[in-house]
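Remarks on the structure that follows.
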């Protein structure tokens with residue numbers, strides 16, 4: 001509907017109840033009744049609680065936030081059914097500088113490919129082989145990909161550097177993580193901020209022990225940084241750092257932003273020299289409160305790495321918090337060049353004679369026990385993409401006394417298993433088709449006892465034998481006690497390419513995100529002993545700790561922990577990668593900066609480069625704010641002059657939009673043009689121990705449709721006469737951000753609090769009877785609510801209460817019409833409580849209304865529209881033309 005005009009009698013055109021798309025509610029949810037306050041400069045917790053007690057407002061204390069860089073508390077309101085009114089009164093207290101709702105961020109759900117069994121044995125031959133390979137000759141593929149192996153060869157191990165991990169805690173009893181906690185241990189500092197039973201919404205119960213044996217994410221992350229020598233032949237990238245563990249998740253659930261802010265500040269005050277967190281949620285704004293809290297720590301000289309997020313499917317402009325903070329290093333993921341797995345040992349016989357070994361991975365369900373049964377295959381076509389995707393034929397035998405062999409393919413594992421279970425199957429062995437090795441499969445279907453997977457090559461061999469008339473019998477040893485052995489196969493499909501799940505930037509204000517990339521796909525690391533001891537996971541959660549470890553290694557060599565210096569050298573020496581479109585399709589151009597940042601980290605080059613740039617990236621902004629001249633400085637730390645040849649290496653340009661106001665999901669359309677960079681000097685000589693400022697003149701790409709927000713990017717390459725090679729990433733938008741629609745007016749509409757989770761539109765001319773006070777409130781009260789659907793993020797969103805009348809009916813007021821003020825043509829009572837909101841991410845949110853206005857008063861009974869106004873990116877909040885606006889259908893409120 002676009003920007004809606006205000007009618008003469010203050011009626012606003014309203015959104016239709018016939019929705020184009022039912023919006024997905026995906027913002028970080030608020031914890032009901034929970035708030036964070038930051039104190040005014042002269043206040044403290046005692047002053048605040050004394051003043052609060054004097055008002056008669058009861059609260060349950062959640063957390064002390066008594067830190068150098070953040071002074072405040074968080075709490076839950078008690079004995080009130082009107083949380084918003086109580087929060088409004090607290091905001092007005094002299095002791096309070098700012099109040100925010102507590103929001104929850106979920107435990108990262110990275111893809112789990114394999115987890116071990118704590119009871120399973122590792123063959124002695126494998127142990128011997130792995131011990132021999134765990135010395136100075138580091139062959140672990142993520143380390144080879146990032147040059148960590150070269151630093152390890154020189155004895156660079158991050159010795160003594162204190163790295164804090166904010167996550168689910170850690171199983172420090174794991175032998176590869178030191179086996180203890182406290183001074184002198186590998187995990188020597190940290191705390192549990194929440195307790196086992198914390199779920200994000202309830203009150204944290206902290207204790208000093210960050211032990212975790214129920215989640216595993218933090219243990220996997222910690223091993224990537226600092227795992228010690230182990231039977232599987234890898235170590236952490238920086239095994240001699242000192243780890244800190246800050247547990248912010250219980251056994252399941254989420255973490256509140258009060259807990260996350262506390263964890264960062266506690267780690268900072270405990271002397272952490274690098275802080276890493278593989279946690280986040282959609283934002284796109286550097287002004288997000290959690291991002292600002294981390295930014296303050298970076299400004300104090302502590303590097304912070306945060307995972308970019310696993311929402312690549314959402315397309316461009318989906319930068320995560322707190323990775324979006326200024327100076328915070330946002331880390332993207334690259335797929336491992338190897339596909340590691342820890343396989344269970346089993347055997348098979350052919351025609352009841354020859355005995356051969358094979359490896360496999362158990363799935364879920366996993367009630368295998370000791371099983372020896374003949375193999376039966378759906379068909380003998382190893383290229384069948386729909387193997388077992390349809391019901392099996394009527395002449396299929398009773399499969400209860402077979403292990404059924406099924407090829408991995410296009411339909412779901414559950415669909416395949418359902419079809420074979422219909423013929424009596426109890427055990428299913430998949431063979432792989434889309435990646436090397438095997439992975440853990442989940443296919444819980446009635447009647448199925450065990451599911452597993454073996455490699456594509458092993459499956460093909462069994463098919464060859466079966467098709468020739470041979471019988472094949474599998475002899476499975478109970479996975480709980482079966483021998484395990486490490487295996488690795490080349491990842492020829494996606495190895496070295498950007499992981500398709502990695503989230504895309506940039507920020508809405510066109511700050512460059514991501515910073516750089518590290519291996520995060522198919523990563524072997526430690527896992528809690530109770531959950532299998534080792535695991536292979538994929539996610540930006542795995543890339544981020546490797547980047548943190550590289551920070552430690554590079555800082556050891558360069559003798560500095562300055563976040564800006566380290567970000568600049570790591571970005572400049574990173575290796576940009578070719579674009580990966582998924583499904584095995586790669587392009588002939590570089591992946592864009594908004595996806596990979598500077599590229600794949602090259603730790604050795606970053607540690608020893610004698611060329612330092614003054615910036616880590618450049619933003620040329622959009623067409624309205626185009627930066628047509630940019631400068632950066634090249635500093636030569638060598639003792640000889642170096643001449644640098646400058647050139648422009650474009651990356652792919654991608655349209656953000658296509659047929660709607662919503663960003664396209666991955667893969668976005670490739671735009672046909674790139675930026676041109678004019679170099680006044682294509683060669684620059686920098687004297688020994690000297691610096692030279694370089695000026696460049698970018699030109700916008702030509703021939704693009706600016707209304708679709710094409711994001712262009714690339715790299716300024718600098719090749720030195722000393723053999724050095726550096727690059728400086730840049731990006732911009734060949735369109736106008738301020739002209740882009742941010743509010744989806746067709747899907748912003750009136751609903752009710754009772755209609756969750758589907759949030760169907762409220763009936764026309766609805767009447768809501770609201771409690772006039774706490775005494776008359778009840779849990780059964782149905783409140784009006786508004787679904788606000790943002791196609792892009794907005795820096796400022798209002799929800800005004802507008803008295804409704806029209807030109808053909810009498811004004812429906814039983815008493816004098818309420819007094820209004822004007823906001824850009826609206827005759828409004830003001831915002832509902834909780835609005836305006838600032839720096840809102842894209843997606844849909846639901847806001848209920850109990851009649852309370854932002855000033856703490858109740859709207860009088862009558863008929864209203866709630867009018868949503870969303871400011872455009874870079875918009876002027878005093879100019880109506882810079883807003884998208886829509887009103888709900890009229891509705892009536894009364895009180896009892």
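Counting begins at 1 with the first residue displayed.
Glycine is treated like the rest: Cβ placed from N, Cα and C.
Feature annotation from TrEMBL assigns signal peptide to 1-18. The annotation domain 'Peptidase S8/S53' is assigned in TrEMBL to 158-578. The active site, charge relay system annotation in TrEMBL covers 167, 217, 541. Residues annotated as domain 'PA' in TrEMBL: 385-456. Residues or ranges marked as domain 'C5a peptidase/Subtilisin-like protease SBT2-like Fn3-like' in TrEMBL: 619-731.
Here the features listed in TrEMBL are placed on the structure.
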{"residue": "167", "record": "active site, charge relay system", "Cβ within 10 Å": "31"}
{"residue": "217", "record": "active site, charge relay system", "Cβ within 10 Å": "27"}
{"residue": "541", "record": "active site, charge relay system", "Cβ within 10 Å": "30"}
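Residue counts for the domain 'PA' (385-456) under DSSP, helix first, then strand, then coil, are 13 helix, 16 strand, 43 coil. Note on the domain 'PA' (385-456): its mean pLDDT in the predicted model is 94. Helix, strand and coil content of the domain 'C5a peptidase/Subtilisin-like protease SBT2-like Fn3-like' (619-731), in residues and according to DSSP, is 3 helix, 58 strand, 52 coil. Across the structure, residue 541 (active site, charge relay system) and residue 217 (active site, charge relay system) place their CA atoms 8 angstrom apart. A gap of 7 Å separates the Cα atoms of residue 217 (active site, charge relay system) and residue 167 (active site, charge relay system).
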